[in-house]
Amino acid sequence: MDYVQSSRNELTHSLDSKENPISKIWNLRTVPLYLIIIIMPLVNIKTPVFFTKFNALGTLASAYIILFVLVKGILWGVNVDLRDKGSVHYTPLFRPVTFPILTGMLTMSFCIHATVITVVRSNKYPKRNVIDLAIGFMLGTFTYMFLGVFFYVCYPDHKTKIKDNILDLFSSTDVMAAIARALLLFQLSTNYVLVTYGLRRIILLEFFKKVYPGIWAVFILNSSLVFVCVLVAIFFPRIGTLISQLLNTLETPGSVGACNKCQERTVCFVSEKEVRAQTPVDTPPFEQVKEEEAHAAAGKRKKEMRALPERQQAEKIHLVLMLKYFGAISGLFITFVIPCLIHSASLKRRDILTYKHKVLYTAITLFAVANFVAQMFMEV
């Protein structure tokens with residue numbers, strides 16, 4: 001218990017400090033500009049062999065992050081309560097209100113993973129591509145599932161405090177977290193370079209009928225891609241946290257209204273459950289806790305979102321709607337429907353299209369359509 005308590009005290013320490021002059025030139029809005037110096041030379045390399053070899057080194061970072069989460073989880077222990085809704089560790093098994101939004105965003109994520117197909121086309125032994133891709137997707141699924149589920153189950157504080165980057169939850173003095181941050185930066189660099197190469201190959205092959213039409217065409221395309229990514233990184237540095245906050249508002253319909261304390265039409269995240277969870281055991285009951293203290297304790301982690309004007313909240317809500325709609329549409333056509341149609345046409349041309357194939361591809365298509373239609377009924 002002492003370790004868990006000390007871990008809570010270390011969590012959510014920000015690396016940026018307004019009093020630190022270094023933070024003026026090294027923060028979430030300036031670092032993307034510095035990364036251009038590292039990324040641009042890498043994405044303009046011609047040979048695809050470099051991208052595959054370079055990206056393979058990123059698996060070392062994945063292995064360390066898995067080890068990091070495993071060590072922290074063992075020290076924390078299991079912190080899940082499936083019954084007591086007033087518990088700090090209460091975790092519902094299923095949230096039907098937000099589940100369709102999750103599937104929409106997941107389809108967009110897996111759609112991005114399809115770019116790896118453009119890389120394996122250059123393999124020396126193409127016959128191994130199917131088994132290689134199958135193994136790669138299985139290992140990727142295991143990594144996501146282990147990190148997500150294990151960390152979520154063991155996290156010793158409110159589950160809603162988990163950020164898009166779990167390393168932001170640890171203090172800068174945590175040695176293991178510092179090493180994980182450095183390796184994560186390296187891994188993301190390798191992934192970005194590989195994804196950029198996949199997009200470069202698809203776009204240039206479509207317009208120039210060549211994978212590498214020339215240095216200037218490649219440079220202009222890569223500069224455009226990096227420019228867009230840098231703008232997103234600067235103006236939406238915590239887009240994962242933004243999405244999670246907006247999804248949290250969907251869990252309690254009617255939470256947007258006039259707060260009794262603030263007397264403003266805003267999103268108030270303070271609830272009796274949160275106040276009870278953050279109030280020590282030896283303090284008076286909830287009814288005796290002052291309203292000011294309740295807002296200070298329970299609303300601290302939502303202060304920025306709660307203070308936003310209604311117009312800004314609407315803009316951010318439109319952003320998450322755009323993401324989930326785009327994810328559902330891309331998943332509907334690129335990830336599900338088009339591959340099923342192409343493979344069905346190929347099987348029919350060879351006269352080996354069976355009833356099982358038709359049932360399987362029809363089920364996949366119906367799931368994609370249901371996923372897209374479900375987004376229409378999600379209200380923010």
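Backbone N, Cα and C atoms are what each Cβ position is placed from, and that goes for glycine too.
Over in TrEMBL, the protein carries these features:
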{"type": "DOMAIN", "residues": "29-244", "note": "domain 'Amino acid transporter transmembrane'"}
{"type": "TRANSMEM", "residues": "25-45", "note": "transmembrane segment"}
{"type": "TRANSMEM", "residues": "57-78", "note": "transmembrane segment"}
{"type": "TRANSMEM", "residues": "98-121", "note": "transmembrane segment"}
{"type": "TRANSMEM", "residues": "133-155", "note": "transmembrane segment"}
{"type": "TRANSMEM", "residues": "175-199", "note": "transmembrane segment"}
{"type": "TRANSMEM", "residues": "211-236", "note": "transmembrane segment"}
{"type": "TRANSMEM", "residues": "325-347", "note": "transmembrane segment"}
{"type": "TRANSMEM", "residues": "359-378", "note": "transmembrane segment"}
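Touching of the transmembrane segment (175-199) and the transmembrane segment (133-155) is ruled out by the presence of fewer than three CB pairs under 8 A, sequence neighbours closer than 6 excluded. At the 8 Å Cβ threshold, with sequence separation of at least 6, the transmembrane segment (133-155) comes into contact with the transmembrane segment (98-121) through 3 or more pairs.
Here the transmembrane segment (57-78) has long-range neighbours at 3-4, 7, 143, 146-147, 150-151, 153-156, 166, 176-177, 179-180, 183-184, 186-187, 190-191, meaning same-chain residues at least 6 beyond its ends whose C-beta is under 8 angstroms from one of its own. By the Cβ criterion (distance under 8 Å, sequence gap of 6 or more), the transmembrane segment (359-378) is counted as touching the transmembrane segment (98-121), at least 3 such pairs being found. Sequence-remote contacts of a segment are chain residues at least 6 beyond its ends whose Cβ falls under 8 Å from one of its Cβ atoms, and for the transmembrane segment (325-347) they are 103-111, 114, 353-354, 357-358, 361, 364-365, 367-369, 371-372, 374-375.
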